[in-house]
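If you look up TrEMBL, you'll see B:75-84 marked as motif ''HIGH' region'. For B:262-266, the entry in TrEMBL reads motif ''KMSKS' region'. Per TrEMBL, ATP binding site is recorded for B:265. Per TrEMBL, domain 'Tyrosine--tRNA ligase SYY-like C-terminal' is recorded for B:339-412.
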């Protein structure tokens with residue numbers, strides 16, 4: 001079931017209504033790249049029965065308990081962006097339909113790091129790092145998920161079950177797969193072909209992710225389209241341990257505002273959830289025409305029919321809708337009313353220290369308060385946390401148009 | 001260093017004497033297929049130093065403590081044969097030179113079995129099975145190893161260190177090797193090429209064997225020529241954990257008395273250590289000419305120069321020497337004096353029960369004692385333990401020439 005254009009969404013809404021007359025599953029298919037398996041054989045029913053095969057939609061329609069919908073995150077402390085919001089928004093849709101979002105914090109692998117020391121991504125974190133990073137993550141997704149309705153959110157740390165596995169259990173996990181199956185995985189396949197080394201412990205990562213599904217009894221796992229293999233491993237392991245296998249629901253990887261590459265902080269083509277709303281508003285007005293439909297589909301609740309015709313108007317509506325979602329109508333009104341305070345750098349002599357600009361602009365009362373705020377991690381420039389009290393800018397032109405922010409509510413736009 | 005013929009042994013004795021004028025290392029090289037590495041770089045010494053590279057022979061000559069010489073066995077309960085005696089004899093040679101034999105009982109893998117349930121070889125054993133099988137093994141090798149001199153023998157169960165490994169440690173073990181390195185291993189390479197499935201847990205076995213070397217601080221590991229890869233994994237793991245890497249000493253796999261295939265109980269070409277001495281004597285007189293030199297080299301302490309010229313005389317000397325080793329001169333004299341009692345089956349009506357033959361021959365006082373002895377596992381036919389009280393033979397010709405034995409000392413040769 002591959003649905004990426006609004007037309008096909010409409011089609012699947014129609015389909016889903018014909019399958020289940022009483023419920024509307026458009027929330028399930030909206031923006032969804034793939035649901036697998038499309039049908040699954042239900043055991044203990046006669047093969048002639050009309051319901052001997054079940055789709056996720058049937059399960060949703062007929063389940064007498066909330067389904068457990070798993071999504072795993074790495075507590076690496078990254079500031080998250082609109083690309084990351086996509087599975088979170090789908091989790092929220094499941095929550096709103098009465099199901100339980102099970103958010104897995106992958107603290108186990110983060111705490112052991114990469115044993116070869118070769119992976120930048122998997123550097124070793126302390127227990128305190130992990131706790132703080134998980135909290136940072138949860139703070140960022142608070143506007144998206146339902147944290148308040150009882151039974152709608154479970155946050156679980158996978159060290160709880162992974163740290164107690166012993167060698168015999170690990171052998172059991174490994175014995176469920178063959179070398180060829182693992183080497184067929186995207187990523188491994190190319191590396192093996194290119195003869196670049198694949199270390200044996202790397203085979204454990206998909207199995208650990210899969211075992212998470214066993215541990216939390218997942219009914220559905222969400223992930224990007226690059227997660228199909230890992231989610232399928234979870235299905236195999238659940239069956240191995242006598243559970244019903246989860247469904248996989250895959251979501252597209254968002255293309256960045258450059259219209260070229262996947263959204264990523266390091267590529268600079270991202271819109272961060274912690275960015276100042278004014279900056280978010282500005283960036284979303286630059287989204288290329290060709291991406292607008294997908295951005296609306298994945299990042300808002302608007303329907304194609306509600307969108308204006310002109311690309312410029314669409315960009316503006318996108319910016320308004322997303323800013324309103326994350327910051328509310330009042331902030332949007334302030335931005336649109338030109339109420340973002342500006343600070344002219346014309347009176348500042350460069351090179352100038354960040355701390356000086358903070359006090360000169362009135363964001364901080366003094367240079368020493370400015371230094372303290374930086375040390376307390378309360379200062380951001382275009383959403384990027386500033387951590388070095390010695391940061392110095394060579395020229396004002398480096399800063400023109402950027403938003404300098406202290407805490408949640410104090411900010412200025414820097415102008416010439 | 002590949003030495004398989006007596007000529008090359010003599011050569012290496014000469015070499016070893018020229019290397020180390022004061023010690024004779026012929027015991028080290030006798031029957032040895034390979035020692036690796038031939039030289040190993042010793043750290044913290046000047047590269048100019050004459051002793052910056054060390055051979056096992058140098059280490060033996062210069063060590064101020066007994067070396068730890070590892071050999072691992074599977075507690076599968078197999079009755080062992082002369083092929084198995086070869087590494088044991090080499091262990092004994094190390095013991096006699098003042099070193100410590102470290103016998104590893106592989107109880108961990110025996111107790112978990114093969115997780116896929118597909119391997120006949122790795123069927124799951126209980127703790128009691130393992131303990132009994134280990135005892136059976138030790139009883140059989142008692143005539144070979146020095147069990148009595150303090151400090152010469154250490155028996156270790158590998159569950160002691162393997163059962164306490166957690167996932168992070170296991171990831172560390174796995175991270176020391178790549179998929180390509182593992183797939184290069186004999187056995188895996190062919191299976192991968194033939195596309196027969198290799199299950200991921202199989203990669204753990206060499207690493208577990210290697211970690212045994214870390215756990216016991218092995219200086220040398222003995223094994224058959226098929227063990228080179230696993231012993232090399234042990235070397236890598238020891239270095240990974242900051243230890244000096246062990247030497248590997250490989251011994252040939254013995255060809256059976258059929259002169260064709262490796263000695264194996266299932267192929268019927270074996271001489272078991274628990275067989276009746278008369279049977280052992282008979283079988284060793286059938287060893288083909290082409291194998292005689294190797295049998296003398298691997299199974300006795302005689303030198304080529306001490307052997308008679310005629311093949312018939314050589315066969316007889318081999319039989320006499322081996323029987324004397326395992327059963328002593330008195331038993332050999334009895335056999336050669338024709339003192340093996342015979343029981344004629346001419347008066348027995350077939351089909352006949354084993355229990356009837358035991359009582360008819362006088363080995364047991366009654367049919368009911370015969371049944372009890374079978375149940376107590378005290379009855380052997382040509383060394384094979386008889387466990388079924390209902391065993392029945394269709395014709396006397398099945399038994400002609402075979403030795404029926406009760407306990408250690410009561411036996412008859414069955415004749416027409």
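Keep in mind that glycine also has a Cβ here, set from the backbone N, Cα and C atoms.
Counting residues 6+ beyond its ends, the motif ''HIGH' region' (B:75-84) has Cβ neighbours under 8 Å at 105-107, 110, 121, 125, 129-130, 132-134, 136-137, 140-141, 253-254, 256, 262-265, 270-274, 299, 322, 383-385 in the same chain. Model confidence over the motif ''HIGH' region' (B:75-84) is summarised by a mean pLDDT of 86. Annotation for residue B:265 (ATP binding site): spatial neighbours B:78, B:79, B:81, B:272, criterion Cβ-Cβ under 8 Å with sequence separation of six or more.
As a summary of secondary structure, the motif ''HIGH' region' (B:75-84) carries 3 helix, 1 strand, 6 coil according to DSSP.
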